[in-house]
Amino acid sequence: MGLNITNRQGFLLVAAACAGAIGFALFAQYQLGEEPCPLCILQRIGVMAVGALALLAALHNPGKTGAKVWGGLMTLAALSGAGVSLRQLWLQSLPADQVPQCGPGLEFLMESFPLWEVLSKVLKGSGECAAIQGRFLGMTMPFWVAVFFAGVIVWTLWLVGRRRRG
């Protein structure tokens, strides 16, 4: 038997999950007072990229080959986002004396440096990215974002790798 879902429905489900994840991130920021660090913002961009690709894939409603292309793009975006999440988890695991100093905000960096230099500085991390603001079931937000990206990757690979029903 199996799950009878079309590629379009599967892509729409990913887009909806991404919208929900961004909605929760905004809730955490504006209602719970958890200010996002530069790595958090990059993770949000990753979620939005996956969501936008999923929505475009659903609107395009491609055949088997096209679905694999869209799925590959979504997987690459999710892998990038997961990499940022794992980087932040690593920073959060450092002993206090090894945490990098806090740096300038992302807005200042974007105004002052070229994009590649901004990405390099942000990915090196800073003190605010190592700070743990809150936990859910004992785990930090970057952990749950990494789990989200892993789920998207597994779902997408399953969706485009199965025998297509519609």
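Note: Cβ is positioned from N, Cα and C throughout, glycine not excepted.
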Message = Can you tell me if Swiss-Prot, going by its topological domain labels, places Ile45 on the same membrane side as Lys68?
response = no
Cys40 - recorded disulfide partner, Swiss-Prot, among Cys18, Cys37 = Cys37
Inquiry  = Can you work out which residues elsewhere in the same chain, 6+ from the ends of the transmembrane segment (144-162), have a Cβ less than 8 Å from its Cβ atoms?
reply    = 2, 5, 7, 10-11, 13-14, 17-18, 21, 43, 46-47, 50, 67-68, 70-72, 74-75, 78-79, 81-82, 85-86, 89, 136
